[in-house]
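Encoded as structure tokens, the structure appears first; notes follow it.
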Amino acid sequence: MADVYPVDPAFAADARVTREQYAALYRESIEHPEQFWGKAAQRLEWFKQPTQVKDVSYALDDFHIRWFGDGELNASVNCLDRQLATRGDKTALLFEPDSPDAASYPVTYRQLYERVCKLGNALRNLGVKKGDRVTIYLPMIVDAAVAMLACARIGAVHSVVFGGFAANSIADRVIDCQSKLIITADEGLRGGKKIPLKANVDAALKIPGTNTIETVLVVRHTGGAVEMQAPRDRWFHDVVDGQPAECEPERMNAEDPLFILYTSGSTGKPKGVLHTTAGYLLFASYTHEVVFDLREDDIYWCTADVGWVTGHSYIVYGPLANGATAVMFEGVPNYPNVSRFWEVIDKHQVTIFYTAPTAIRALMRDGAEPVKKTSRKSLRLLGSVGEPINPEAWRWYYDVVGDSRCPIVDTWWQTETGGILISPLAGAVDLKPGSATLPFFGVQPALVDAEGKILEGATEGNLVLLDSWPGQMRSVYGDHQRFIDTYFRTYPGSYFTGDGCRRDADGYYWITGRVDDVINVSGHRIGTAEVESALVSHPKVAEAAVVGFPHDVKGQGIYAYVTLIAGETPSDELHKELVSWVRKEIGPIASPDHLQWAPGLPKTRSGKIMRRILRKIAENAPDQLGDTSTLADPSVVDSLVNERLTR
């Protein structure tokens, strides 16, 4: 089995970036960042050209991150207006519905522009002003992109909430950013099932603290019956359709906020990752063009949901700023059958396909036949995102899906980074299954030990980034101190990613997974603290500890240890009740895969739960527990080992 897949000479001959160009551009981006990013800024259309490029200090006593600080622009103008002259009739978004029996349809750049302008005008009429926050809780439909771009047009800050989150999660996010308006739909569709979006919003808005919401706009999507509460609730199309199809864009400073996106942290509630306008848009569009080797006639399909950062950067902002055609898919990989992805690729002649290892591993289980009965001849490049891809899944993706002729870009990045940081460029970098390979322009990875000492050569350590890049998040919304403490205090002078990583003798990077209390489930980050607090909020639960464990399909699963209050006894009914309790509190993605009853939890004498031990038990590695003598009650461990659910 090949360990290295060299660059295909035919691909390299026509690639946007060759091996030599990558080396030269990377060197320039590190040695002369002002010059490099100053030139790159010409990709964008500005109302006022920036004269400053980079103004960054990671010093804790003078901390700031500013890019293109005196420039003025508008993100929606860059995604829509500037495309109209040459690409007005080109398809911007190709909508593919949940059911293959429903009609798919193209939306051109001109049509998208008009829809965005109409919604922008409607939002202004409803009192939404520059800087106001708007919550978007929609399925994967074109109106989700319209809503994001309409906010950008009028200078409102959008906060998209994934349609799989439950009422409590919506309320948390509304309260945290003091949102003024929600855009939702009657229902979503996923794998033939209806998701009660409007009902979830109604439940969320009964929770104290959500009364900043003045208006709920409801897209009629399935036509399902919903309760409408006047005057708060309005039908989206009643409010929007009659508006003028031109809308004056707001002039935004480069560092004005574009959006907030909530992501799980290792402590407590999700944090609102704040991205600003120019640096984010530049980085999303530049990485999209270069990493995916974009051509004018490509049909590009990223299977992510707009509720995650991948959907923000690589379905909406990156592709549209580049004038590309992107598929927007409402469905799931296995509905109505496990050939659905490949059928959609053939139907729309998709050339670039970007998905998550979880989807690949799930589809691998059904073997090659459901793939091989489709053509997939249109494909020329494959991508992977969301979590490390194991070499077996990589090879299956390469051999079976790509017929051993499409390079794979295995992209590592985070909600916080705005865009891809480590990835091969298919015309420039030889591939190794399981490795994200080399850094993108301007990105300076380093590996450090626990003390923060930089490690050289082939080694393993904690992944940090030594300097800023334009797409970097600027703050945690409403809590700048938390931003500094989370990312810059652990290893002063650098950004701590929270990921472990090894570097091989060729300088390639291999991401090994989170080193903090965050679990990566199917490419979605879940904070263990979130799941624990959901469990503990149940009246019968005294204590809970949650860890990740290796999962064949999801990458990591959720393993919960639960101690009940005195007088309560474990039962199958209570087990089911607790799992559905977590689903209700957070959403289905946070459902525990295993829930083990624990008479007690392993604690130090100071009362700290020893998660390291719980992790090893969940990983079915009881021989690797290490020293348990420092525990307040070492006997607790034996009973947990004996009752473990993963052996």
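Cβ atoms here come from the backbone N, Cα and C positions, even for glycine.
Because the structure is a prediction, the values reported are computed rather than measured.
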Per Swiss-Prot, which one of R376, R482, R514 shares the ATP site with G386, E387, P388, D410, T411, W412, W413, Q414, T415, D499, R525?
R514
Which one is it: of the binding-site residues G191, G192, G386, P388, which Cβ has the fewest other Cβ atoms within 10 Å in this structure?
G192
Using C-alpha positions only, work out which of the recorded positions T310, V536, K608 is nearest to G386 (ATP binding site).
T310
Cα-Cα distance linking P388 (ATP binding site) and N334 (CoA binding site), given in Å to the nearest integer:
22
DSSP-derived class (H/G/I helix, E/B strand, else coil) of T415 (ATP binding site):
helix
Take the C-alpha atoms of T411 (ATP binding site) and K608 (N6-acetyllysine) and report the distance between them in angstrom, rounded.
36
Environment of V536, H538, V541, the listed Mg(2+) site - residues of the same chain whose CB lies within 8 A of the CB centroid:
A534, L535, S537, P539, K540, A542, E543, A544, V562, L578, W581
So which binding-site residues are near T415 (ATP binding site), with CA atoms within 10 Å, out of G191, K193, T310?
T310
Find, for the listed recorded positions R514, H538, K608, the residue with the lowest Cβ contact count at a 10 Å cut-off, counting only other Cβ atoms.
K608
